[in-house]
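These come from TrEMBL:
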ACT_SITE  H62  active site, proton acceptor
ACT_SITE  Y131  active site, proton donor
Amino acid sequence: MLKRDDTLPEILVNTPEIHPDNRGSFTEWFKASEFVDLAGHPFMLEQANVSTSKAGVIRGLHFAEVPPGQAKWVHCAAGRIIDVAVDIRTSSPTFGKHTSIELSADNRRCVYLPDGFAHGFVALTDATVVYLTSAEYNPTAEHAINPFDRDLAVDWPVTDPIVSDKDAAAASFADYRDKKLLPRYSDCMDYLDFLRGSWVDAEDEAD
């Protein structure tokens, strides 16, 4: 079932039905029709990534400039993680708030993050994470916020975190805000309207 997150309604959470039998199990972890029904536009897949992380690893908080942005569909294929989404869109009603969602190989849950949100996760066990993205990786448009930022106050439930040098040295949320380097809510909503309008036009032409 695909539904909106209680804290950040633009974050979509998919808890799929698991079909076990004597061979193992089967799960539909993404369905385009369900996504369109709730998001109002299709997911524009441009790249698929796989990362492996040791227990205790924290990745993030990462975000892309808007435009072009980079929406993500995140799935934990092995192990357990806590996935974190932060609304960093200036002037958004939920600006600076975050949500934390457990994803695991057992619950098969997935999370969709639209453009304008920072993303990160912590591996509670050794974990393999698969994520689909709406844009190819562009290092010149990618940024990182320090995962231990005091203003965001994300709770990472590990005692000895493992963080890359790049993420550990990342700027604070306040630095990005003060330098006006965060995505603007209006730009994100304009792009969302464009996606929805393009989808409606395509449907009308198909009819």
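Using N, Cα and C of the backbone, Cβ positions are placed for all residues, glycine too.
Remember, TrEMBL labels are computer predictions, not curated facts.
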- Residues near H62 (active site, proton acceptor) in space but at least six apart in sequence (CB under 8 A): A118, H119, G120, E142, H143, A144, I145
- Item | Chain-internal residues, separated by at least six, CB under 8 A from Y131 (active site, proton donor) | A48, N49, S51, K72, W73, V74, H75
- Task: Using DSSP with the three-state reduction, classify the residue listed as 'active site, proton acceptor' as helix, strand or coil.
- Result: strand
